[in-house]
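Listed in Swiss-Prot for this protein:
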- Thr35: (Microbial infection) O-linked (Glc) threonine (CARBOHYD)
- Cys181: S-palmitoyl cysteine (LIPID)
- Cys184: S-(15-deoxy-Delta12,14-prostaglandin J2-9-yl)cysteine (LIPID)
- Cys184: S-palmitoyl cysteine (LIPID)
- Cys186: S-farnesyl cysteine (LIPID)
- Met1: N-acetylmethionine (MOD_RES)
- Thr2: N-acetylthreonine (MOD_RES)
- Cys118: S-nitrosocysteine (MOD_RES)
- Cys186: cysteine methyl ester (MOD_RES)
- 32-40: motif 'Effector region' (MOTIF)
Amino acid sequence: MTEYKLVVVGAGGVGKSALTIQLIQNHFVDEYDPTIEDSYRKQVVIDGETCLLDILDTAGQEEYSAMRDQYMRTGEGFLCVFAINNTKSFEDIHQYREQIKRVKDSDDVPMVLVGNKCDLAARTVESRQAQDLARSYGIPYIETSAKTRQGVEDAFYTLVREIRQHKLRKLNPPDESGPGCMSCKCVLS
């Protein structure tokens, strides 16, 4: 059975734990208890494949930022979560993405942008803004509500699909032996 290491990142209070617990335990946690780091495992079937999700729910608080490099190193894919009623959390996404790219030493890291709390009327981040940001990053955007469960499975399952595609790209890189590759120096031994 394939195991996927998913990491949930984002500013404090955006609902990272609520999303994760909604996926794992099917219930909404409405009291806010800042996370340091929690790990969850769940067996699911995605596109006919049984797989094990190993989900790391991380601290959004700045005082735990030193721990980020470690979990970013081990994660295969990242849910970058902001709250649609918190513009600052949306603006913070850029720093999380840059840190992930730096730690992974790659521009090609599986990620999904997640706008949480879409059940709330007091929206300060428009869907269009988030879609534009996701498009500029070349990643999917999904709106979720940990409270109503809307989009929760979709967000995590989409990330698994992104990881699968990433692995396929690494196994089958674009053909570089075409006419544009005159500087290749192949050594056969």
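Even glycines carry a Cβ here, placed using N, Cα and C.
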*Whole-number Å distance between the CA of the residue listed as 'N-acetylmethionine' and the CA of the residue listed as 'S-nitrosocysteine'?*
33
_Most Cβ neighbours within 10 Å: which of the modified residues Met1, Cys118 is it?_
Cys118
*To the nearest whole angstrom, what is the C-alpha distance linking the residue listed as 'N-acetylthreonine' and Cys118 (S-nitrosocysteine)?*
31
*Specify the count of other C-beta atoms within 10 Å of the C-beta of the residue listed as 'N-acetylthreonine'.*
12
_Give the mean pLDDT for the motif 'Effector region' (32-40) on the 0 to 100 scale._
71
